[in-house]
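Participant: Before we start, here is the structure in question, set down as structure tokens.
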Amino acid sequence: MTKKVNKVVLAYSGGLDTSVILKWLQETYNCEVVTFTADIGQGEEVEPAREKALKLGIKPENIFIEDLKEEFVRDYVFPMFRANAIYEGEYLLGTSIARPLIAKRQIEIARQVGADAVAHGATGKGNDQVRFEIAYLSLNPDITVIAPWREWDLNSREKLLKFAEEHRIPIEKHGKKSPYSMDANLLHISYEGGILEDPWAEPEEDMWRWTNSIENAPNEPEYITIDFEKGDPVAINGEPLSPAKLLEALNEYGKKHGIGRIDIVENRFVGMKSRGCYETPGGTILLKAHRAMESITLDREEAHEKDKLMPKYAELIYNGFWFSPEREMMQAAIDKTQENVSGTVRLKLYKGNVFVVGRKSPNSLFAPEFSTFEEDEVYNQKDAQGFIKLNALRFIIEGHVRRKK
């Protein structure tokens, strides 16, 4: 039996799936629908979503379209990059990190308009359903969550198109449809489905939309500098930029030089493996630069302990636990390590590669002048003998014991 719902806030893109969901919610739940469309740098016009929502009977005051690019990069992407977060050694979490912001705004809008439910368009097989719904319930444990893909029988594109036709839902014709399922934001674009479902099949070159191929990248390297303040990038080549503008600029550098493509098989939280191809040009550059900045500003043990946190931190984001107390606890520890991570990194970009060729910081712990001091003033080489013997003590003891046997 369908639960009684008075008003629902739908995460709405204006595409086929969410437009069908909009009409389905109206029919199935007989409720008022509020649409929320977030601009997080997906590169598509978001205003058409307003026109389509109006055509589908949504009141103007129930249509929310917001530019969240700066908030997305400042409050989600940059904190994640302070951790150098990578899932399973390769994935820079571009899709994962966008979901908590969208969910947060849905809950805030629901509170604002007096809605008792939220809805999303994620399928019942993927990670996004988990990410959205854990975020919803973390922020409002009393909210009703509607996941149409787990309820309806419109389980094919043909059925969706038939429903759209029967309900006069406008469908744009864009010629040949891409065989891939794609998702984009300011950090990355992802590709799934089509021939990628065969892990042996190489994707066609024309699949990649954001970056040049290695073959078409410039034959000459390009040098850039990135300035950091307390772990976050603040300027490129000495020019201060807002978080979103800075990531946009790095994306352009990465696009030009063929940086940031990966083709991986990942372990989904729901239990199955999936293949995905990703382009994260700016993020790939930023990760390399940030690690270089840390290399001269973090104490050895501080850096090593921070590195131990990273796999779990990345897993929490991938699985949808951004608002969990454990992620917030880890974030506080990570942010503490960034207090001295300020300075400049110089990079060479060339045919898919990011080379660190220089780094400097007013807080640098790299002090070559110590090696030029007179003997015994800072470091007496004879002290190494005791240091080595103490660290070898357990091996010496073990060797004696084994020999007696």
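Just so you know, glycine gets a Cβ as well, placed from its N, Cα and C.
Under the heading ATP binding site, Swiss-Prot lists Ala11, Tyr12, Ser13, Gly14, Gly15, Leu16, Asp17, Thr18, Ser19, Ala38, Gly121, citing sequence analysis as support. Look at Swiss-Prot and you will find Tyr91, Ser96, Asn127, Arg131, Ser181, Ser190, Glu266, Tyr278 tagged as L-citrulline binding site, backed by sequence analysis. Annotated L-aspartate binding site per Swiss-Prot: Thr123, Asn127, Asp128, in sequence order, evidence recorded as sequence analysis.
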Participant: Test of understanding: give the count of other CB atoms lying within 10 angstroms of the CB of Ala11 (ATP binding site).
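Facilitator: Taking all protein chains shown, Ala11 (ATP binding site) has 22 Cβ neighbours within 10 Å.
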Participant: Need this for a regression test: binding-site residues Ser96, Gly121, Tyr278, filtered to those with Cα within 10 Å of Asp128 (L-aspartate binding site). What's left?
Facilitator: Ser96, Gly121
Participant: Please classify the secondary structure at Thr123 (L-aspartate binding site) using three-state DSSP.
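Facilitator: SS state of Thr123 (L-aspartate binding site) = coil.
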Participant: Assuming the binding residues for ATP are exactly those in the record, Ala11, Tyr12, Ser13, Gly14, Gly15, Leu16, Asp17, Thr18, Ser19, Ala38, Gly121, what is the maximum CA-CA distance in angstrom, rounded?
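Facilitator: The span, Cα to Cα at its widest, is 17 Å.
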Participant: Enter the number of other CB atoms within 10 angstroms of the CB of Glu266 (L-citrulline binding site).
Facilitator: 17
Participant: These are the binding-site residues: Gly15, Gly121. Which one scores highest on other Cβ atoms within 10 Å?
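Facilitator: Its Cβ has the most other Cβ atoms within 10 Å: Gly121.
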Participant: Out of Ser19, Asn127, Ser181, Ser190, which has the highest number of nearby Cβ atoms, where nearby means within 10 Å of its Cβ, if these are the binding-site residues?
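Facilitator: Compared across Ser19, Asn127, Ser181, Ser190, the most Cβ atoms within 10 Å surround Ser19.
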Participant: Among the binding-site residues Ser13, Ser96, Thr123, which residue has the fewest other Cβ atoms within 10 Å of its own Cβ?
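Facilitator: Each of the binding-site residues Ser13, Ser96, Thr123 was scored by Cβ atoms within 10 Å; lowest is Thr123.
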Participant: Near Asp17 (ATP binding site), which residues of its chain come within a Cβ-Cβ distance under 8 Å, counting only those 6 or more away in sequence?
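Facilitator: Counting only residues 6 or more apart in sequence, the Cβ neighbours of Asp17 (ATP binding site) under 8 Å are Gly121, Leu160.
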Participant: Translate the DSSP assignment of Gly15 (ATP binding site) into the three-state scheme.
Facilitator: coil
Participant: According to DSSP, does Tyr278 (L-citrulline binding site) fall in a helix, a strand, or coil?
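Facilitator: Assignment for Tyr278 (L-citrulline binding site) reads strand.
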Participant: Out of the binding-site residues Tyr91, Thr123, Ser181, Glu266, give me the one sitting nearest to Gly15 (ATP binding site) by CA distance.
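Facilitator: Closest candidate to Gly15 (ATP binding site), judged by Cα separation, is Ser181.
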Participant: Round to a whole number and give the Cα-to-Cα distance in Å for the pair Glu266 (L-citrulline binding site) and Ser13 (ATP binding site).
Facilitator: 26
Participant: I'd like to confirm something. Which of the binding-site residues, Ser96, Arg131, Ser181, Tyr278, has a Cα closest to the Cα of Ser19 (ATP binding site)?
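Facilitator: Closest by Cα distance to Ser19 (ATP binding site) among the binding-site residues Ser96, Arg131, Ser181, Tyr278: Ser181.
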